[in-house]
Amino acid sequence: MSSFAANPTDDVAIATIRTLAVDTVGKANSGHPGAPMGMAPVAHILFSRILNANPKNSKWFNRDRFVLSNGHACALQYVLLHLLGYKLSLDDLKAFRQLDSKTPGHPEAGHTDGIEVTTGPLGQGFANGVGLAIAQAHLAATYNKDNFDLINNYTYVFTGDGCLMEGVASEAASLAGHLQLGNLVVIYDDNHISIDGDTAVAFTENVEQRFLAYGWQVLHVDNGDTDLPAIYDSIIEARKDKTKPTIIRLRTTIGYGSKQQGTHGVHGSPLKADDIEALKTKFGFAPDKKFNVPQETYDLYSEFGKRGAALESEWNTLLDSYAQKYPKEHAELTRRISGKLPEGWEKSLPVYKTTDAAQASRKLSEIVLTAITPVLPDLIGGSADLTGSNLTKVKSSVDFQPPSTGLGTYAGTYIRYGVREHAMGAIANGLHAYGGIIPFVATFLNFVSYASGAVRLSALSGHQVIWVATHDSIGLGEDGPTHQPVETAIALRATPNLAFWRPADGNETSAAYYVALKSTKTPSVLSLSRQNLPNLEGSTIEKAVRGGYVLHDEEKEDLTIVSSGSEVSIAVEAASKLKEQGIKTRIVSLPCWLTFDQQSEEYKLSVLRSGAPILSLEALSTAGWQKYSHEQFGLAAWGASGPYQKVYEKFGITGSNIAVVGKKVVDFYKQKGGEVVSPLVKAIHL
């Protein structure tokens, strides 16, 4: 027998959600009304009866997390945020999809109060939800004590057919089942409609059987349009199984109540005026009244805020008691929640001298992680099945695994993502969105491309995700052009708010980690070599944290070579050979374009100054280097298979050949005559 307690205003509230969503999309003349209309009942039940959150403090740490994986249905989320008392007015709904509004075309974290993660690209939100669930499981296992169940929230995800077709969601679902995330509840809007029409044209698999195979608990509600007790009972039942994530297949009618209900015509286009009027009449609303919210609906949803405020107050009292009994854990947890790093953590960063042995920057990265992990419990990292190549697991770390497997614990800080790069990136976004965690993830640089959708959303959302991207050039050698990234760097460098670091030695690697860990709203990709790199004279952490600096200076130089990563030492060798010919050559190391571009105009022009031609050198595509150099040397096409020294020779990236190229550049500009102005002058003034 159902434990659902009906409220006389339930039907009115559901009708309010439907009509308000229709008006919101209609006013903008753009958007997706169908899913909000179909999912209004489950949204109402979840928020009015089950979900714990406080609209007056949307960042209360132990709140339940809600993710609208299908960001196309964002009108539903905006309507709910308004009705529940978040900082979203009716005027905000009327400004849906308008420039600089609080209600953009898809949900954006940090832009609209109450939005947990940025969604829209299908499947991303599903994987974000897995990350949120992992974060809760980890922090609960780390800080909860007997009688102090401090961190016990659930993550609820609304998803749809489109999301479940996406590979990123499949990857994430597979991992979630393995990890036995019993705190994750996914509600699948099974309305059989996508943009192309009925899903019969492309999506006929048995979703329930797929998720059973993943190790999920699978429940279903056959009438999601009106059977409120069944909806309520399914969510309550989902929460009971602590050893499996749950997906609830909820059969709904897209556009429920409209003339086009059940068709793809109501999926992505506003309803026509006569349809809106008929819909409102059907639900007992004035057909000519727009954005109509009955007071009884506001009154009903005000109970959500009261419940949330009371729960937060109880939690704060529990946290105060926790502080008395566990002061050390309390101090650490509250520091992590605040987003502050431990005092003096940077003193753990390794510092190198030129006499220190040459090492691959992937190994230098491992040395940094080994040094900082003991003082930074915030770090939770993992690799996409390349742990031994990425060198991301430090000896002291324990795997994040279900205790029942005997492979680790939920308190563990190392995640085995398996061969799931895209889900790994999207899960990391969820880990950071939860709070108290700085996630790092790892794969070959070439395969960051597999996860570009998640990387893009990291940058858009301001998620501090650190990518340890090893095997970063033709220097990986024998694996050949399928694995040698040529175009990846410029794609990442072109991404706004993404720091792409390509360190040249030990001090630059430490600097990359320093800036990445201080950049709380910027993701970073650390592009790391397979081959050994010497520690360079003139390299320091203090210089490198500026993103670019003069490694070797000369007065009245004839040439400047600007480079990054493994090619900086080749540039140094070339400069030595040019010196023998009487050509004075400055060397500039530019490990991170974004960070360098953030420096003062005066500083940038002192590094890449006017007066002599500037030649860029990198064993990647030359695209983008035109901003910093007059001439570029790099790869015009794909790499090649073979020992890395031979591959470098094949493409002319050797000290001897770069010296020849450098002399040609000097001779050309001398013949050309006139003042050589730094390319940055134009860029700065633009």
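Just so you know, glycine gets a Cβ as well, placed from its N, Cα and C.
These numbers come from a predicted model, not from an experiment.
Summarising the annotation, TrEMBL assigns site 'Important for catalytic activity' to HIS32 (among others). Non-local contacts of HIS32 (site 'Important for catalytic activity') by the CB criterion (under 8 A, 6+ apart in sequence, same chain) comprise VAL25, HIS72, ALA73, CYS74, ALA75, HIS267, GLY268.
The substrate binding site annotation in TrEMBL covers HIS32, HIS267, ARG362, SER389, HIS471, ASP479, HIS483, ARG530.
Within 10 Å of the C-beta of HIS267 (substrate binding site) we count 22 further C-beta atoms, all protein chains included. Here TrEMBL flags HIS72, GLY120, PRO121, LEU122, GLY162, ASN191, HIS267, PHE447 as thiamine diphosphate binding site.
Around the Cβ of ASN191 (thiamine diphosphate binding site), the number of neighbouring Cβ atoms within 10 Å comes to 28. The Mg(2+) binding site annotation in TrEMBL covers ASP161, ASN191, ILE193.
If you look up TrEMBL, you'll see HIS267 (among others) marked as site 'Important for catalytic activity'.
According to TrEMBL, the feature domain 'Transketolase-like pyrimidine-binding' maps to 359-535.
Taken from TrEMBL, the feature active site, proton donor applies to GLU421. Within the same chain, residues at least 6 positions away in sequence whose Cβ sits under 8 Å from that of GLU421 (active site, proton donor) are ALA384, THR443, PHE447, VAL448, TYR450, ALA451.
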Looking at the binding-site residues ARG362, HIS471, HIS483, ARG530, which one has the fewest other Cβ atoms within 10 Å of its own Cβ? HIS483
Give me the long-range Cβ neighbours of PRO121 (thiamine diphosphate binding site): same chain, 6+ apart, Cβ under 8 Å, in sequence order. GLY71, GLY453, LEU457
Rounded Cα separation (Å) that holds between HIS471 (substrate binding site) and LEU122 (thiamine diphosphate binding site): 30
Taking the binding-site residues one at a time (HIS72, GLY162), which has its Cβ surrounded by the most other Cβ atoms within 10 Å? HIS72
Entry from the binding-site residues list LEU122, ILE193 having the most other CB atoms no farther than 10 A: ILE193
SER389 (substrate binding site), number of other Cβ atoms within 10 Å: 16
Which of the binding-site residues LEU122, ASP161, GLY162 has its Cα closest in space to the Cα of SER389 (substrate binding site)? LEU122
In whole Å, could you give the widest CA to CA gap in the substrate site formed by HIS32, HIS267, ARG362, SER389, HIS471, ASP479, HIS483, ARG530? 49
CB-centroid shell, 8 A cutoff, Mg(2+) site ASP161, ASN191, ILE193, site residues removed: ALA35, GLY160, GLY162, ASP189, ASP190, HIS192, SER194, THR199, ILE254, HIS267
